[in-house]
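Down below is the structure, laid out as structure tokens.
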Amino acid sequence: MLPGRLCLVPLLLALGVGSGGGSGDGGDSRRRRLLAAKVNKHKPWIETSYHGVITENNDTVILDPTIVALDKDAPVPFAGEICAFKIHGQELPFEAVVLNKTSGEGRLRAKSPIDCELQKEYTFIIQAYDCGAGPQEAAWKKSHKAVVHIQVKDVNEFAPTFKEPAYKAIVTEGKIYDSILQVEAIDEDCSPQYSQICNYEIVTTDVPFAIDRNGNIRNTEKLSYDKQRQYEILVTAYDCGQKPAAQDTLVQVDVKPVCKPGWQDWTKRIEYQPGSGSMPLFPGIHLETCDGAVSSLQVTAELQTNYIGKGCDRETYSEKSLQKLCGASSGIIDLLPSPSAATNWTAGLLVDSSEMIFKFDGRQGAKIPDGIVPKNLTDQFTITMWMKHGPSPGVRAEKETILCNSDKTEMNRHHYALYVHNCRLVFLLRKDFDQADTFRPAEFHWKLDQICDKEWHYYVINVEFPVVTLYMDGATYEPYLVTNDWPIHPSHIAMQLTVGACWQGGEVAKPRFAQFFHGSLASLTIRPGKMESQKVISCLQACKEGLDINSLESLGRGIKYHFNPSQSILVMEGDDIGNINQALQKVSYINSRQFPTAGVRRLRLSSKVQCFGEDVCISIPDVDAYIMVLQAIEPQITLQGTERFWRPAAQFESARGVTLFPDIKIISTFAKTEASGDLRATGTAPKSAVLEEMLHNLDFCDILVLGGDLDPRQECLELNHSELHQRHLDATNSTAGYSIYGVGSMSRYEQVLHHLRYRNWHPTSLETRRFQIKCSELNGRYTSNEFNLEVSVLHEVRVSDTEHVNHLIVQPPFLQSVYHPETRSSIQRSSVVPSIATVVIIISVCMLVFVVAMGVYRVRIAHQHFIQETEAAKEAEMDWDDSALTITVNPMEKHEGPGHGEDETEGEEEEEAEEGMSSSSSGSDDSEEEEEEGMGRVRHGQSGTSSQRPERSTWNTAGVINIWK
């Protein structure tokens, strides 16, 4: 049938054309429609629905099923072909294209890359169109409408981001939380796979926190406010494609303390700069009571310094200097001095040299030499000491002797002793029969906890027999037990005074020490015939550091306070917490030493609370802090002055002698670092040290004699005692030197040193003496340089004619005495620089040699030449006789003016010259008379005479030359 129909098409077309040839265009179109209707009988056919997938950022759509349109008019040209696929919808990003008109195959594609985040899926209508009856798109037939559903496939292009840049939470210490807070992140991808957050993670390590997949953060252990008050952790997030967050978020967790009663806002370490005065310790402290019903409060601040020196920071001057500083009476005897040549009995003891603390280990004792302490202490005397002692070893401990005066041999009697027995301090004093013959008090016992507390305490025993009083740390204690005894029978046995043990001279095969002391002692002294006052005792044991209160008048009402004697403990009481807080903020630390001991001072604050009608009251923990005393600036003490000078021998022999240090200066400096330089050029400030002068005290200056001790038979060092006393200093003198001691300013020591003199009764055998000065502050803690002085003696030397080997240097007898007048200032300069005198002497001798050489040829010419020389130098007159000639060359001696007797001398010289030239046989008598007459006017030595005078003037001369070295 189909081939038959195709055969009819040309026929029908021919008929249509023939029949309608004359009716116009309307007839033609009607005929074409009729023809098409007969040829394009069927509509294209497609599936009713399509499902497709397109990948994000791509244009290819994968459809299921594929687009294929069928037309039953095929294979008729145009009518059986598919010409187009059309999509119905507004602004759809897709288009459908025909791949093959005959087969009807098509393809759906995107006009531009698809963004899933804008739209995840699309639904639209599509229809297929055949080609109709011809190429003019006439009579196209379209298929039914098919539904196309396209889903956009997502790409994981976005990373998770947190909703908040930072999170903050507050937790209470001591609790475990299921969730402290929740962090949340989002992802802008469109698919569930890439847009959902599948995991959270804590980036910060070693923190007591964990996080779950939902972002909930919890703590894994109990948090402590005291251990750490804030935590900062970083958290990241992952989407289900395991892409991490672009930026981590910060989570800050603050730990809030559980309300605990106690002191708040105080600093554990407190630094103290030396010289800063009184420094507040708790400027911001306050008490947290947690709403407790507190009725009253007692606060105790304790400065713990028992491990420093002798219990606290005290002046480290020598015991003699401290006694002098505190105004103690003279006559103190130091039983534990620093080891030296004069005090060698402490050389074998264990000692802490920095503080002069002697340690006794139960095996040591020291014998005090005879004569150090008088045998009769009288009824009044004082014993002082620093002692540190612990519990006695053993159940029945034996006596531990501190000081003992016992028989040296034969017997074992104790005349007086101070010892510790079972933590009791006992003082024994046995009178002799010649002092008393009745039953008298002999042993005095004190029972104090401080004796065995292993801490330093200052003990003073004042004896005014029969009353004995103990002062410990400034407080007075009466003996709890006094036992009586008979006086000691008189004997001629010598006594032995010991420290650290008692000497057992009798009742044993060999005398030995016994009853050894275990502990530490310092500043053990005894003062016979005098009791010490309470003021001096307080001064000697006073601490230079302690607690203080700034502005006592500003303390709140109802505040009571109390200091212990050393100001190391302060107790404050009150019923108002606010007033207590203000009062405690005014508590300060002060150290009055210019050079305090550096180191730690522990500080404890304890509290006692009473509450209103409460069975259980709050408990306030102690505050443990410490004060760090920084190192003080160390001074550099420098001695300056003349290091060498010369003095005439007569001055050494005079009553006042020679002043050794007339211009000495004592200067103390310290190095101060300052920033300098060009900051713009270097970027940093270089530091330079600048010396600045500082003022402080000295405690001794030693003047040592170098090159051998002084010979007391012919030399000594002298110093007026008034110079010392008016400056509150003392001194000791020996053949080894002079020692000035006492706490005083550097200017006081300068003034005293300016008056120190050296005398020598026989300086003829002395050429030089050398001395050395060395000064100290704080008992040798800071010492000066060693200043050396050399003193030389200017001697008068006599030279006779027999000592001249070369007779050309002997002055001829016709030369008169020559003077070299100089002023006093020249003499003073020459005393310092003796080389000037030597130069003048050499020049004078050369002149004389020249004159003698000329005189050999012609006496007249020599005489005239000498006159010219003497006129030029304004010298003295000459004599022509053969008698002895005196020549004095002393450029350092003060002479009369150059014009004295000048005219008269010149006239006489001319007359004598004429007489000598006219007749050589005029006799020696006249010449001798003239010479004696001239020498009577100018004479500095003794002249001798010649028994015979040769024709050509043979000279025999005896001369004296005074030379100051």
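Quick reminder: no glycine exception, Cβ is built from N, Cα and C everywhere.
Taken from Swiss-Prot, the feature compositional bias 'Acidic residues' applies to 903-915. Residues annotated as compositional bias 'Polar residues' in Swiss-Prot: 942-959. The domain 'Cadherin 2' annotation in Swiss-Prot covers 163-282. If you look up Swiss-Prot, you'll see ASN58, ASN100, ASN344, ASN376, ASN720, ASN733 marked as N-linked glycosylation site. Among the features that Swiss-Prot reports, topological domain 'Extracellular' is placed at 21-835, with the record citing sequence analysis. The topological domain 'Cytoplasmic' annotation in Swiss-Prot covers 857-965. Per Swiss-Prot, transmembrane segment is recorded for 836-856, and the stated evidence type is sequence analysis.
Taking the C-alpha positions, the distance from ASN376 (N-linked glycosylation site) to ASN720 (N-linked glycosylation site) comes to 32 Å. Distance noted between the C-alpha atoms of ASN733 (N-linked glycosylation site) and ASN720 (N-linked glycosylation site) is 12 Å.
Around ASN100 (N-linked glycosylation site), no same-chain residue six or more apart in sequence has its CB under 8 Å from its CB.
Most Cβ neighbours within 10 Å, among the glycosylation sites ASN720, ASN733: ASN733 holds that distinction in the structure as shown. For the pair ASN58 (N-linked glycosylation site) and ASN344 (N-linked glycosylation site), the Cα-Cα distance reads 108 Å. There are 11 other CB atoms within 10 A of the CB of ASN376 (N-linked glycosylation site), with all protein chains counted.
Counting every protein chain shown, the number of other Cβ atoms lying within 10 Å of the Cβ of ASN58 (N-linked glycosylation site) is 14.
Within the domain 'Cadherin 2' (163-282), the DSSP-based counts of helix, strand and coil residues read 4 helix, 52 strand, 64 coil. DSSP gives ASN733 (N-linked glycosylation site) a strand state. Within its own chain, ASN344 (N-linked glycosylation site) has no residue 6 or more apart in sequence whose C-beta sits under 8 angstroms from its own.
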